[in-house]
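Step one of this worksheet: look at the structure below.
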Amino acid sequence: MSFSPQEALQRTIEHREIFFDEMVDLMRQIMRGDVSPMMTAAILTGLRVKKETIDEIAAAATVMREFALAVPVADSTHLVDIVGTGGDGSHTFNISTCAMFVAAAAGARVAKHGNRSVSSKSGSADAVEALGAAIELQPAQVAAAIEQTGIGFMFAPIHHPSMKVVAPVRREMGVRTIFNILGPLTNPASAPSVLMGVFHPDLVGIQARVLRELGTERAMVVWGRDNMDEISLGAGTLVGELRDGKVREYEIHPEDFGIAMSASRNLRVDGPEQSIAMLRAVLDNTPGPALDIVALNAGAALYVAGVASDIGDGLARARAAIANGSARQRLQQYVDTTRTLVA
């Protein structure tokens, strides 16, 4: 007998956990459209108020992966996702998108999962499209792009068609729900390593442990103390690192890597055009905090991808890829390849 939505709602009201198998059953019902919009909204609200557990998040992510259109990557060596939950309210330029090109040029292979803007001035999909790349690639085309360029951008609506069922509910609710933290956990290419930014410090340890439950090999989950969902230059950054099946939590600072502190307001943009201008300036090796934060985050991605021995080594590799022009070339190669794939 399936786990009833009414029982799920009752559990959340009483601040009791929904167990893994029950949550899998419930999420399948929701994703199939078997649960009414009103009941779905009530359950999502109850989970948020109660605070979602590691098992509840892992179970929900497992089902979203089940329903996703997977990208058939033949070789996942050094394959990493660089992703953020968004919702940090910082309105910075597309740091993780820029880091994607840098990390790929420095030896990683990046399968980045993203969407258009919801809370930011420019979502990752908006940025990749504004750079001239085709974003609406089918799974086999994404796999081909990864094979040819070391980069694959996966536009979330294409890979998660079942999300159409809950989209109207989420839109009408207008508040964060479990789905805001599920997106970064449901990479359609099943990248074995991930650099993930989160919007709340509590999620640093939680998401690292959820990734472990989901079988991720290496991960860094980060939250900047200035409320950035990236490794920050403006404050310390809390890290939950998953390695060898263990989660270690610690804090890093830009000075640890010889980088001057810089407030996040120096990285703010008013829209996609400004974001793209800042991204291109970084790839043109223009010195400043924008280049520093991209190199640091790309360096961390190179570390979790197994390309670099530590973040410092990754940072040096990232800076070299920017300085020698290979990151800029990789961007152009990706743009040209995606256009050819959809032609």
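Placed from the backbone N, Cα and C atoms, the Cβ positions cover glycine too.
Small disclaimer: the values here were computed from a predicted structure and weren't measured.
Listed features, source Swiss-Prot:
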BINDING   G84, N115  anthranilate 1 binding site
BINDING   G84, 87-88, T92, 94-97, 112-120, S124  5-phospho-alpha-D-ribose 1-diphosphate binding site
BINDING   S96, E230  Mg(2+) 1 binding site
BINDING   R170  anthranilate 2 binding site
BINDING   D229, E230  Mg(2+) 2 binding site
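Looking only at Cα atoms, N115 (anthranilate 1 binding site) sits nearest to S96 among the binding-site residues T92, S96, R170, D229, E230.
If you take the C-beta of R116 (5-phospho-alpha-D-ribose 1-diphosphate binding site) and look for same-chain residues 6 or more apart in sequence within under 8 angstroms, you find G123, A125, D126. When the CA atoms are compared, the binding-site residues lying within 10 A of E230 (Mg(2+) 1 binding site) are G84, S96, out of the candidates G84, S96, H113, R170. For D229 (Mg(2+) 2 binding site), the nearest of the binding-site residues by C-alpha distance turns out to be G84; the candidates were G84, T92, S96, H113, R170.
Recorded residues H113 (5-phospho-alpha-D-ribose 1-diphosphate binding site) and R170 (anthranilate 2 binding site) have their alpha carbons 20 Å apart, per Cα-Cα distance. Close to S96 (5-phospho-alpha-D-ribose 1-diphosphate binding site) in the fold, though at least 6 residues off in sequence, lie I82, V83, G84, K112, S124, L195, G197, E230, N297, each with a CB less than 8 Å from its CB. In sequence order, L44, T177, F179 constitute the residues six or more apart from R170 (anthranilate 2 binding site) in its chain with CB-CB distances below 8 Å.
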